[in-house]
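*Asks:* Quick one: the structure is below, questions incoming.
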Amino acid sequence: MNKNLLRACIKLEQRKTVRFRVNVSGIVQGVGFRPFIYSLAKKYFLQGFVLNNTLGVKIEVEGEREKIKSFLSEIKTSAPPLAVIQRIKYEKLAPLGYAAFEIRKSRKEKEELVPISPDISICHDCLRELLDPEDRRFAYPFINCINCGPRFTIIQDIPYDRSRTTMKVFRMCPDCQVEYEDPSNRRFHAQPNACPVCGPQVMLLDAEGRKARVADPIKEVADRLKRGCVVAVKGLGGFHLACDATSPKAVATLRKRKYREDKPFALMALDVEMIRKFCQVNQDEKNLLFSSRRPIVLLRKKEETPSLAAEEIAPQSKFLGFMLPYTPLHHLLLKEINLPLVMTSGNMSDEPIVYGNEEALPKLGGIADYFLIHNRDIQMRCDDSVLRVFQGKELPLRRSRGYAPQPIKVKVFFNEPILAVGGQLKNTFCLARGDQVIISHHIGDLENLSALISFEEGIKHFLKLFHTHPKILACDLHPDYLSTKFAEDYVKRLGRGASLIRVQHHHAHIASLMADRGIEGKVIGVSLDGAGMGDDGRIWGGEFLVADYLSFTRLGHLKEVPLPGAEEAIKKPWRMALSHLKGAFGEDGLELALKHLKKVNPDKILMVDKLIKKRINAPLTSSVGRLFDAVSSLIGIRNEINYEGQAAMELEMACDDKEKKSYPFNILKEGEKFMVDPGPTIRSVVADLGKGERGDAIAARFHNSLALIILQSCRLIRERTGLNRVALSGGVFQNMYLLQRVFPLLESANFQVYTHNQVPPNDGGISLGQAAVAHYGRKIKKEQKIKCA
């Protein structure tokens, strides 16, 4: 055939009209994806439509083959910044002769798990408009666009449209409607779109709920804060309690009213320059502060912070938790006051964050002098996230606003949906389906009715939002956890076909890290925390495991000692000091306790000694968290705690960073297994106390010893198993001093070392591990049934 004729035929083929149906899944709703597709289709002169559905985004395009090819390629390479494309499926169809390209109304399809965007901090464009006197949204505290603003906290159902959010009560004015319908405008289909004419408004109330008649409520609040008042400020996911962070009196007032004696408060500053007056900020930390998620970031405090009430804000701490403003309201307030503010969760201690206007006055009226509220309803409460940076990577301590409910993509594939309900403290739950796990926002400690109601409300909302009806539930082994009781009741109500899988606490910790980091196969799991029920019914917490998703073997653990008074021993670390002294010195431990625990009533020490001797309400525990408590009490740091983990945290803060020495310890081998005896460590601590050694040196030596214990235990397991990958999980690995020492020790011994990156090492991450373990347990049972058949 003539070459010219062949080329002409090829060109005709390329120009031939074809039609493709494209389904895009991931975070593609509420992030400007439809306007992006509309503009892309116009760019390539394509016809068809795009719409949101319960699968994600559905596209049909018709046009020349080559142009469609370029269109599909650009979807992947030029998607909106907030979009997270997980999967693109397309099929070729016969042309229908579409006349134009249009955005169609959302449709409900078959039930699928459609990811929802987290709330996003105000973008640069909206911030510029917010501060521009010539802009029609100048100083409007609810300015937003397709690239920023509330998402998760206002959505009521999917597909994500204004009619399915709490913004549905605000009818857009003509100007906003024009923007909303203009594909070239960045507010095109921005569901929370609003302006001062048609959108939500702020108002200032006093403690009795009376509305203040002021021209500018935000300016008035700034003035009241400068005068030392406490103000409840309604934000994205609930209320903050705010006060002037430079006023020791204001911070002390907030502490007293909130019944929060020592636990650190979070801070908000206008910009990084303000933060740098008080803290060291490296580039990775700066990037995290400025990220669209805007979490609280734990930063090293400068030695001198004269203008900040640092000791009142974070007693006994070397770190301060700072965040930058993430809503337009925050920006206006911080710009007006030009001071750092305490911005702590709006709740009474141990209660869930308050998020409704109606509940704010009765619940926070005894704390706040004033209320800065607004009339945009919050559908789902959501606390601030808390992170720190370790080795240039994120280490979450609380994963919530800005992160939830963004799915975590895992290598596990969940053929059947699973609901994992987490633990008792720092609770989160998760939904697992396909190759995605959606972890809830931070629920908190399930230790009262309010927290349980919040937990149940969250689960109900997630099941509705993600159109998921799991019949498999996973929970902790502990029968008294409220999450466990909920799971048991839920499975009973589901009836036939439903199943409950109980997962050992420390196995869940290691499995959560494996899923977090995409690890497959067996690992050496080092799981250290305060407490978790073992499969023998005892209280574990210092565990050296060989684990994969399916099972684990407990090869080593900390030597057990009594936990005198059970819960009382957790609240009163001096009890653990006595227990460990007796473990190290035998009956001489009592005399040493009376000598060194000088601030404790001797009669109480004698009484607890009887509990230990007679083993009355004194279960055995292998907890490393309780070992921290014991040392903290012994060296005079903390005999009683006011919040969970306080004694251990203050022991970490007491460490001399330059101290290199460590204490001895014993590893007792029992066949293939071993036990770590901290007796020599405790004896050395007592010896140093007798020599008058400084507390900061003793604290550091203890930490250095624990790092060596971990190294030696991992070496022993490697010798016996050949495994080389070490997974560090559990609440103890929130301790930065310990992490900074154990990580290089293990790496220098040629271990591959893994820490958390997407979920917390504490109990806020175990729901992920529970889901993974439950899936593999279920999978193996099914395979066994098939083999038997």
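Cβ coordinates are placed from backbone N, Cα and C, and glycine is handled just like the others.
Straight out of TrEMBL:
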type	residues	note
DOMAIN	19-105	domain 'Acylphosphatase-like'
ACT_SITE	Arg34	active site
ACT_SITE	Asn52	active site
DOMAIN	215-402	domain 'YrdC-like'
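Are these features on the surface or tucked inside, and what touches them?
*Replies:* The C-beta environment of Arg34 (active site), restricted to residues of the same chain at least 6 apart in sequence and closer than 8 Å, consists of Val50, Leu51, Asn52, Val57, Ile103, His189. According to DSSP, Arg34 (active site) is assigned to a helical segment.
In the three-state DSSP scheme, Asn52 (active site) falls into the strand class.
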*Asks:* Tell me, roughly as an integer, the mean pLDDT over the domain 'YrdC-like' (215-402).
*Replies:* 96
*Asks:* DSSP says what for the domain 'Acylphosphatase-like' (19-105): how many helix, strand, coil residues?
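*Replies:* DSSP classes over the domain 'Acylphosphatase-like' (19-105) add up to 24 helix, 38 strand, 25 coil.
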